[in-house]
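A quick write-up on the structure given underneath.
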Amino acid sequence: MTIALGKSSKEEQTLFDIMDDWLRRDRFVFVGWSGLLLFPCAYFALGGWFTGTTFVTSWYTHGLASSYLEGCNFLTAAVSTPANSLAHSLLLLWGPEAQGDFTRWCQLGGLWAFVALHGAFGLIGFMLRQFELARSVQLRPYNAIAFSAPIAVFVSVFLIYPLGQSGWFFAPSFGVAAIFRFILFFQGFHNWTLNPFHMMGVAGVLGAALLCAIHGATVENTLFEDGDGANTFRAFNPTQAEETYSMVTANRFWSQIFGVAFSNKRWLHFFMLFVPVTGLWMSAIGVVGLALNLRAYDFVSQEIRAAEDPEFETFYTKNILLNEGIRAWMAAQDQPHENLIFPEEVLPRGNAL
């Protein structure tokens, strides 16, 4: 009798197949390959931020108190940037600055670099998570594309801007009041509000808020019928075949209001995606420009006339004077390592004074 030897119908799984099966299986919280980047980085970024705001001072880097331990509250606590003298050092715990000393590492601002880098990779991991899940259930990847906008803003503000300046010192510290200080710094030193990329960013964010409000109200106004369930989740069957609201009625309403209206849901929802994402991307591009110290609009003719004529002043020239005031008053406070001292007679005053 002849016995034919052949391969088993079930081939032996490789290590990659085993990992892929475990990572991508259906569970309450999806892990996925993106989770290998997302979960550790998000854990370390949040853990570093909570540790820094609770225990770590900014005395050695900014001359400030910045932790709950020192008396700050949620609005004033922060994980502060390293000192300007450390330039763009990665501030690794085992690096030449801290030499493995955790306390010294925290004093030097190592937690800021730790939180910033892990935060950036955590956000990228979250975007990849959306892309991976979309691929798994055969959706288009527009969620991931949309999330690229806040990633672009984070990377441009926290990483690219300080890379263009003299050090991480000029990045925002991770805290509420610290972000407010950074905004004032951006205005005083870069005239950020007059930057066209900032204008596009504001238009995108506020325009998106307006679109969301209009869209939500319109859908509520044109529901075919209210459900009789106790709440929204029980009122309607998620697998219903019919539409929930009348697009035709909504189109007629806004056609009468504005004279124009979206004719189909695809264009409507793409526009709601396009406005905020484009706005945030433009804002990120503008911050990259600031990293290179590119200037905003300059209306020099108005500045010259205001300097020659004490009675001539515009909102622009007043803002320029305010920016000078921010720089003069803020630099000495914000950069104590420079030992800046401005006599009162050189501090800016308006034409009226």
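Every residue, even glycine, has its Cβ placed from backbone N, Cα and C.
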Stretch carrying transmembrane segment according to Swiss-Prot (options 27-40, 153-166, 265-278): 153-166
Of the residue ranges 74-90, 91-107, 125-141, 312-328, the one that Swiss-Prot records as transmembrane segment: 125-141
Range annotated as transmembrane segment - as stated in Swiss-Prot, picked from 41-61, 230-250: 41-61
Distance, His269 (Fe cation binding site) to His198 (chlorophyll a PD2 binding site) (CA atoms, angstrom): 24
For His269 (Fe cation binding site), the one of His118, Gln130, Asn143 that lies nearest, given that the binding-site residues are compared by Cα: Asn143
Best-contacting stretch, by C-beta pairs under 8 Å, relative to the transmembrane segment (153-166) and drawn from 41-61, 125-141, 208-228, 279-295: 279-295
DSSP three-state assignment (helix, strand or coil) for Phe262 (plastoquinone binding site): coil
